[in-house]
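Swiss-Prot has this to say about the protein:
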type: COMPBIAS; residues: 153-163; note: compositional bias 'Basic and acidic residues'
type: COMPBIAS; residues: 181-192; note: compositional bias 'Basic and acidic residues'
type: COMPBIAS; residues: 388-438; note: compositional bias 'Low complexity'
type: COMPBIAS; residues: 441-483; note: compositional bias 'Polar residues'
type: DOMAIN; residues: 11-142; note: domain 'VHS'
type: DOMAIN; residues: 164-183; note: domain 'UIM'
type: DOMAIN; residues: 212-272; note: domain 'SH3'
type: REGION; residues: 136-210; note: region 'Disordered'
type: REGION; residues: 374-498; note: region 'Disordered'
Amino acid sequence: MTSLDVLINKATDPTLTSDNWQYILDVCDRISADPETETKRTITILKTKLTSKDANVVLRSLSLLISIAENCGSRVKQEIATKSFLQDALVKRLSDKKLHATVKYKICEVLTQLYNAFKGDPSLKPMTDAYNKARSEHPRYFSKQTQGPSKPAKKERTQQDKDREEDELQRALKLSLQEFEQQKTGKKEPDVNKPLPEIQPEPESPPVETVATVSKVRALYDLVSYEPDELSFRKGDVITVIESVYRDWWRGSLPSGKIGIFPLNYVTPIVNKSPQDIAKEIEIENKLITEEQRKIERLLAILSSQQIETINEDEVTHLYNEIIPLRIQLGNSIDKYGARQEELKVLNQSLNSEIKLYNELLDKSISSRAKHNTGGAMYQMSPYPTEQFPGQSQPQLSQQQQHQPYAQPQQTSNYAQQSQTVPPQFTQSQQTQPQYHQSHTRTGSHQEVPQYSGYNSNNIPPPATTFNQYPPSQLQQQDTSAGFGNDVYNRAAPGQPY
């Protein structure tokens with residue numbers, strides 16, 4: 001690959017979103033340095049670029065063609081004004097149905113510019129012939145009116161605009177209330193003798209088109225935008241209106257699911273069909289499905305018959321003439337339901353994604369709540385630590401806790417002993433008892449009765465206890481060996497077993 005190929009590839013790179021004039025001038029300088037050898041090579045490369053399927057490459061190549069035609073001398077003009085180059089690279093591209101309309105407008109613009117530059121030289125007559133042929137075969141691409149208008153500026157809605165709309169709304173509501181009050185009050189009897197005034201026809205003001213009154217619009221022109229927030233569409237596309245973003249820009253979505261903003265001068269509102277039009281359309285579709293379908297099936301059956309001598313040519317001609325006009329109706333119905341199918345697919349995808357997101361959030365909420373409840377239940381199951389001694393069952397421990405309301409015996413274990421605070425009244429009468437393999441029960445005189453294995457202490461109720469010797473301030477909260485307050489004193493009435 002020569003240096004010229006590298007320069008042309010850089011100037012026509014498909015990743016370029018606009019013309020890079022530094023690369024274009026580099027190509028012009030390279031051709032001007034050696035026009036004898038580089039001119040024909042450049043036109044050959046450009047011919048390949050102009051027939052590319054990439055619209056971006058074609059647009060960049062057209063800009064490069066204009067630049068070298070105006071800056072690289074007469075030799076380049078002679079190579080451009082050849083019938084093979086003009087027909088294959090420019091004129092024939094206007095008939096390509098797969099080529100975007102924006103590229104066709106650009107080709108016609110280049111042809112016009114080259115024609116104006118070459119028309120003074122009789123030796124460049126093929127350029128004039130190519131221009132006249134393209135203009136006669138494709139006149140719509142030479143008219144600038146068919147191109148979309150310039151996009152309006154994105155002006156933010158000021159606070160004054162919002163206040164003005166609010167004032168107009170309040171004024172309309174006030175007038176509506178006044179008319180309602182006038183109709184509600186008694187009407188005056190009309191004067192019969194008074195002549196009636198002539199009715200003056202009021203000019204009908206066109207309805208104001210707002211987001212509230214317009215739900216769908218149809219594109220009048222093609223719009224190709226490279227801005228990330230703008231919506232690109234083709235002529236005839238139906239856009240669903242979402243909201244008003246700027247003064248002359250709305251946000252909408254295509255049936256394919258693309259969302260973006262678009263200028264209002266590129267679209268026109270779609271008028272909702274009346275009930276009569278909808279009923280007529282349904283009637284035509286039902287007729288196509290019932291009556292016309294049988295005719296189509298009859299014609300197909302006749303044409304697929306193997307017995308050619310039995311075919312009635314008059315019947316075939318009659319059926320064919322009746323079916324041919326139905327192509328437009330069938331095409332419209334196919335387009336209508338095809339667009340509706342695309343809309344439903346997009347809605348289904350959006351709904352599935354929202355349902356998936358909702359289920360994920362719901363699962364996270366349930367799992368976090370379950371963890372929280374499990375932690376709370378574990379905390380409630382063990383409010384204070386208990387220890388089971390060898391040879392002693394758990395019910396005996398519960399009985400021991402039940403029959404020791406004043407203070408629990410000090411428990412020895414491998415861990416550090418817990419400190420306890422004993423009231424002064426207990427220091428003289430209450431002694432620390434050694435821990436055996438049996439539990440103890442205190443009586444009213446603080447005497448210990450041993451409870452051995454198999455002995456049921458529930459058969460003997462505890463005696464009554466007098467609390468007069470303990471001050472109330474010290475009975476409200478006493479620390480036990482387990483480290484928890486024995487607030488059972490507050491709930492037990494004096495003289496009652498607890």
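The backbone N, Cα and C atoms fix where each Cβ goes, and this holds for glycine too.
Distant neighbours of the compositional bias 'Basic and acidic residues' (153-163): 244, 246-249; these residues of the same chain sit at least 6 beyond its ends, with a Cβ under 8 Å from one of its Cβ atoms. Within the model, the domain 'SH3' (212-272) carries an average pLDDT of 86. Each residue in the compositional bias 'Basic and acidic residues' (153-163) gets a DSSP state, and the totals come to 5 helix, 0 strand, 6 coil.
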